[in-house]
Amino acid sequence: MRAYGRSTLVLAYPALVLGMFLLVPFGIMAALSVFRRVPAGTFEPAMVPDNYLNLLTPFFLDRIGFTLGLSAAVAVVCVALGFPFTYLLTRLPRRRQVPWLVFLLAVLALSEVIVGFAWSVLLSRTAGLSNLLVWLGLLSQPESWAPGLTAMMLGLCYLAFPYTVLVLYPSLSRLDPSYLEAARTLGASPLRGFFGVIVPVSRPAILATLVMVFVFALGAYVLPQLLGRPQHWTLAVHITDQALSRSNVPAAAAMSITLLLASLALVLVTAALGNRRKEQP
Amino acid sequence: MPDLHLTGIVKHYGSVVAVDHVDLHLPAGKFVCFLGPSGCGKTTLLRMIAGLEAPTKGRIKLGEEDITDRPTHRRGVGMVFQSLALFPHLTVGENIAYGMRIRNAPKADTERRVEELLQLVHLPGLGSRNVSQLSGGQRQRVAIARALALDPALFLLDEPLSALDAKLREAMQVELRLLQRRLGVTTILVTHDQREAMTTADLIAVMAHGRVQQIGSPLEIYRNPANTFVADFIGSTNMLPASIAERPGAVWVDGVVFPVAKLPAGVAPGREVTLSVRPEELHLLTGDMDQRGEAVLTGTVSFVRDVGQSVEVFVECGGRSVTVVGSPKEVPPVKAGDAVRVAFPAEACVVLAQ
């Protein structure tokens with residue numbers, strides 16, 4: 001009886017934290033999303049579906065599609081670059097891994113604003129990398145590469161790459177080094193062994209990382225404004241815009257809930273796909 | 001099938017010398033064991049034969065072909081790893097077929113070969129199972145089947161049985177030996193377990209400190225160890241300090257002249273040597289039992305370990321402990337504190353110069 005009491009007590013703490021920091025704010029936002037907006041810039045309690053119905057415009061559907069697509073693209077690029085990188089990193093002696101990991105952590109510690117401004121300078125016409133190419137004779141005159149979709153992708157990938165590596169690192173460093181060696185004794189070249197054995201064996205880690213980076217990229221709202229044109233603004237930017245500039249908190253809340261549900265659905269589909277393929281022989 | 005020649009193989013890891021000038025000739029079709037304590041360089045030597053490590057110096061030849069610089073995937077070796085390294089994303093059958101798939105072998109041939117190999121390792125019909133559904137012993141067999149799938153010129157095993165429990169391990173040793181005899185494939189097994197080496201091998205290469213200490217058949221190594229390391233590492237032995245006697249074919253041990261069957265070449269009288277005698281070769285004499293002309297040491301029984309199947313008697317002879325082992329019928333009934341004599345047959349006395 002006593003033990004039972006103690007275990008409920010132990011569970012009470014995470015329940016309290018979850019409730020205070022997750023469920024309560026989420027509940028407030030869910031409630032806000034059905035409140036009625038008052039023209040003066042505030043809102044009053046109500047139970048109306050207007051905020052959601054207002055989202056059924058081609059513009060909003062286009063934005064949500066763009067946001068999900070951009071985040072997915074960032075996730076794919078980061079994992080495609082980060083997986084071989086992390087694999088090679090884990091094969092290095094421990095002593096030589098440390099500087100790389102410290103460097104990645106340092107990048108992770110940079111603020112999104114700093115990263116955004118740094119890239120906009122690097123991609124600018126006056127002080128950017130294109131001047132270097134002109135100096136090397138590869139370009140005839142300096143070009144401006146920002147703002148634009150490529151610049152935005154570059155910035156987001158730069159931001160998400162250390163994250164990708166750190167998420168992949170634990171599972172790849174635990175991978176049995178004999179897998180690749182076994183493939184080689186069976187006639188596979190190192191490259192073939194990597195794609196034929198290392199990648200499929202790591203599929204759970206790859207899927208988990210894709211989901212993590214996807215969610216990470218969804219939340220970015222500084223970089224799209226710094227490195228993208230207005231047509232590249234993600235939903236996160238529009239949510240900020242609605243809530244802060246247009247004082248339409250109920251609309252912002254409705255957009256947030258919709259984005260949350262859409263990305264949740266995408267994550268669940270990914271997870272289901274991963275499981276189903278595993279069951280097939 | 002060609003012989004394997006290793007010539008002057010050296011491997012350094014930074015300042016550490018893992019393998020130190022190994023010259024070995026491994027005849028085709030033989031079962032060879034690299035036997036030694038951990039850190040003796042046996043696994044490194046095997047990995048160099050597989051091409052997974054490059055030797056710092058020396059050449060590896062398979063028949064007339066120099067394969068030192070040939071990458072692993074073109075060497076035609078089959079290898080069973082200590083961790084087995086079965087691919088968890090593939091079924092048993094797909095694991096075994098992996099090498100054939102790499103070579104784009106026709107599907108029907110591959111299927112036939114997989115079934116044949118599963119028969120060979122006594123796992124018929126398990127091809128569609130997941131690797132995670134198998135027991136430790138079954139995984140072992142799958143790893144063996146996968147390594148043999150491409151008819152390798154060399155079959156290499158890196159302590160593959162160390163994860164199994166003792167009983168299963170003994171059974172697998174016999175099975176491995178029978179399998180090798182049936183296929184006639186040149187096989188190299190790395191192990192630190194001398195019983196495993198004695199069970200399986202045609203030839204044992206005993207290694208220590210990066211060097212081959214002795215190579216020979218199991219009984220040759222057991223009966224005629226080349227030095228004190230081999231005598232001590234293979235089985236258990238009694239080692240007594242001795243010196244060469246002036247009389248031919250004899251040594252002094254504690255003031256007693258021991259006739260011996262053979263002396264190492266080039267040892268002068270008075271030279272300090274070591275006498276090694278296996279415990280099961282010794283006779284324990286009590287009372288007025290006849291010593292049959294053998295050299296004897298007198299002593300006191302300090303402890304008797306009787307495990308039913310065999311009796312082990314520890315005798316204190318002038319400050320030295322001598323162990324005698326025999327079946328319950330051979331060993332006279334003694335107890336701690338009894339005064340006994342230990343007889344050393346001349347043909348069992350091995351004199352080691354180093």
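Glycine is no exception: its Cβ is also placed from the backbone N, Cα and C atoms.
What TrEMBL lists as transmembrane segment is A:12-35 (among others).
Marked as transmembrane segment by TrEMBL: A:64-89 (among others).
Annotation source TrEMBL lists domain 'ABC transmembrane type-1' at A:64-270.
TrEMBL lists A:101-124 (among others) with the feature transmembrane segment.
Distant neighbours of the transmembrane segment (A:144-169): 70, 73-75, 77-79, 81-83, 85-86, 89-90, 101, 104-105, 107-108, 112, 115-116, 119-120, 123-125, 128-130, 205-206, 208-209, 212-213, 216-217, 220, 223-224, 226-229, 232; these residues of the same chain sit at least 6 beyond its ends, with a Cβ under 8 Å from one of its Cβ atoms. Annotation comment: TrEMBL describes A:144-169 (among others) as transmembrane segment.
Residues or ranges marked as transmembrane segment in TrEMBL: A:205-223 (among others). Using a Cβ-Cβ cut-off under 8 Å and counting only residues 6 or more beyond its ends in the same chain, the transmembrane segment (A:205-223) has close neighbours at 67-68, 70-72, 74-76, 78-79, 82-83, 112-113, 115-116, 152, 155-156, 159-160, 163-164, 167-168, 171-172, 199, 234-237, 239-240, 259, 263, 266-267, 270-271, 274.
What TrEMBL records for A:251-273 (among others) is transmembrane segment.
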Inset, instruction - Check the transmembrane segment (A:64-89) against each of A:12-35, A:101-124, A:251-273 and return whichever range has the most CB pairs under 8 Å. - result: A:251-273
